[in-house]
Amino acid sequence: MQRSKSSLAALTLGAIGVVYGDIGTSVLYAVKEVFGSGHVAFTPQNVYGVLSILFWTLTTIVSLKYVVLVLRADNNGEGGLIAMLALASQAVKDKPRLRSALLGIGVFGTSLFYGDGVITPAISVLSAVEGLEVVSPHFGKAVIPLTLIVLFCLFAVQKRGTSGIGRYFGPVTLVWFTSIAALGVPHIVGHPEILGALSPHHALGFIWRSPGTSFIILGAVVLCVTGAEALYADLGHFGKKPIRLAWFSVAMPALTINYFGQGALLLAEPEAVKNPFYMMAPDWALIPLVIMATMATVIASQALITGAFSVTKQVIQLGYLPRLNILHTSVRDTGQIYIPFVNWALFLAIVLAVVMFRSSSNLAAAYGIAVTLDMLITTVLTFFVIRYGWRYPLALCIAATGFFFLVDLAFFGSNLLKLLQGGWFPLMIGSIVFMLMMTWKRGRELLNEKLRADAIDLRDFLTAVFVNPPTRVDGTAVFLTAEPGAVPNALLHNLKHNKVLHQQNLFVTVRNHEVPWIGLDKRLQVEALGGDCWQVMVHYGFKNDPDLPGALALMRGRGCELESMTTSYFLSRDVVTPTIGSGMAPWREKLFAQMHHNASGAAGFLNLPSNSVVELGSKIEI
């Protein structure tokens, strides 16, 4: 019992750092942007109304939608949009058109994650460093350079991994939540009447009096739920109970106290609207607060960067992006990975955002479209999971998700008003990633169709070969093939040029499935072909780490004995040539060919020993 309590405490502390780091830093800019937009007349009544809307937004979207409803839709203990997409896809697998539509929606939602991933670190770190302007206006010119230095250092250390410093994320973020709550308490004590804004009638009254203004300011109010989707995305790391406990015991109370403290300050000092968070603090605490805020925003950004690596790996395994160079940064934790291309592409996009928008207020205009559309997509997928996966009655499904759908739609509609002010930026990034994903997926389909059309039946081929068998050499040859039952090009090249066949031959096809994990008991499907040849299907979930030698070691005891020192892996390296009249526009064919050319080899992705790999090239027209 004592051990389970300490384990729960450790997981809860970890969740505070990783799950709630992003939403915890929203206090830096949310209230400032609502009143700084110029749409809300600065009156005590409006302060009450805005605070009430902020509180009930947190309650509705985070507490009710994500913590209560969405966390229930786990995929074998895993969360995130890809896990939800896999659940929804499986739930409607007998409805191919609906399944295709949901896959398209889900992939688009996943691509929007990268758009959000550019804005969030930029606005978080920039808003923290902007606290220096409150210390002294002379620091204003240093804000952009300091922000870029902090961001560069953050991305530069990624290749070393975060397993060492990761253990401090929870404690530091807990100190942050304690600090922001402590900032708010004196101001609430000075104006306890501000707690009246907890009543929803202030929010409803504001909406009733100013429906147009209410709709417009939702584009700024959404800043208070930045990172809400992390609750679901990190489900597999921490579990439901620690995430819920961390929210209701630490994050939600601290955020509420700080927001209401800012509201109390604005009632007493309306001029504090230019930066109410930092102006709550006494002068002596400003520099330490800027340092603490910068640390908190770096931790929040780190969680997002780690998430980008994880999502990219999952998308690659589902076949929507080409293989990239993936490095493991921890021997003990296989989930700790580093993808150089994603790291520096994200860094350059964030630098572009900081240089283009130059302030957290300008970046606030860019924030919202991608994340609210993601939230909307999550609600849609949740409906199909509980309707077709859990088989709940239609009326109950509509009741459970309909309200959240309308709330998400209102926030998305409001953020569309910011499209020209900056909302186009994350939407553009998401659209580019979506185009790349769909081009790769369609290109692979065309490539596989071409391979199937030209394929030679493996059984018939082996029967013909064994009529007049070539020289057999010691050892095992592993031939990778995209289609089971087809002769791999590498085998044809090997017989043509070397005129030998190994003593044991495995024809291996790797399949990735729309489930997070596939256990070792279901890893292999083996079919004997005769003549010491086997057809092997290797199955992985999108969160499994592909390790082909490790998987093939399970062949022992099935009539095939593999020795690592005498096993060679034969891979076909296809050179794709675009042709006129295929299933894609010419520019997409050329793009696919370039992506295929730049893709990392299968050897590294499948963890093959480099000194045992033989690559043989072939040219394919699509």
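A Cβ is built for glycine as well, from the same backbone N, Cα and C atoms used for every other residue.
As given in Swiss-Prot:
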| type | residues | note |
| --- | --- | --- |
| TRANSMEM | 8-28 | transmembrane segment |
| TRANSMEM | 50-70 | transmembrane segment |
| TRANSMEM | 103-123 | transmembrane segment |
| TRANSMEM | 137-157 | transmembrane segment |
| TRANSMEM | 169-189 | transmembrane segment |
| TRANSMEM | 215-235 | transmembrane segment |
| TRANSMEM | 247-267 | transmembrane segment |
| TRANSMEM | 285-305 | transmembrane segment |
| TRANSMEM | 337-357 | transmembrane segment |
| TRANSMEM | 366-386 | transmembrane segment |
| TRANSMEM | 393-413 | transmembrane segment |
| TRANSMEM | 419-439 | transmembrane segment |
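Through the fold, the transmembrane segment (393-413) approaches residues 60-61, 64-65, 69, 215, 218-219, 221-222, 368-369, 372-373, 375-376, 379-380, 382-383, 386-387 of its own chain, all at least 6 residues removed from its boundaries and within a Cβ separation under 8 Å. Note on the transmembrane segment (337-357): residues 114, 117-119, 121-122, 126, 144, 147-148, 151-152, 155, 158-159, 161, 305, 308-310, 312-313, 324-329, 363, 365-366, 422, 425, 429 of its chain, located 6 or more positions outside it, place their CB under 8 angstroms from a CB of the stretch.
Here the transmembrane segment (419-439) does not touch the transmembrane segment (50-70). Their Cβ atoms form fewer than 3 pairs under 8 Å, with each pair 6 or more residues apart. Among residues of the same chain six or more beyond the transmembrane segment (285-305), those with a C-beta under 8 A of the stretch's C-beta atoms are 17-19, 21-22, 24-25, 28, 117, 120-121, 124-125, 127-129, 131-132, 134-135, 150-151, 154-155, 158, 162, 169, 172-173, 175-176, 179, 183, 227, 230, 234, 278, 343, 346. Two recorded stretches are said to be in contact when at least 3 C-beta pairs lie under 8 angstroms, sequence spacing 6 or more; the transmembrane segment (247-267) and the transmembrane segment (103-123) fall short of this definition. Contact between the transmembrane segment (169-189) and the transmembrane segment (8-28) is supported: at least 3 Cβ pairs lie under 8 Å, counting only residues 6 or more apart in sequence. Of the two recorded stretches, the transmembrane segment (8-28) does not lie close to the transmembrane segment (366-386), with fewer than three CB pairs under 8 Å once pairs fewer than 6 apart in sequence are set aside. Against the transmembrane segment (366-386), the recorded stretches 50-70, 103-123, 215-235 differ in Cβ pairs under 8 Å, and the greatest number is found for 103-123.
Listed by sequence, the residues of this chain that lie at least six past the ends of the transmembrane segment (215-235) yet keep a Cβ under 8 A from its Cβ atoms are 15, 18-23, 25-26, 29-30, 33-34, 37, 39-40, 50, 53-54, 57-58, 61-62, 66-67, 70-71, 74, 77-81, 83-84, 120, 124, 243, 247, 255, 259, 300, 303-304, 307, 364, 367-368, 371-372, 374-375, 378, 410-411, 413-415, 417-418.
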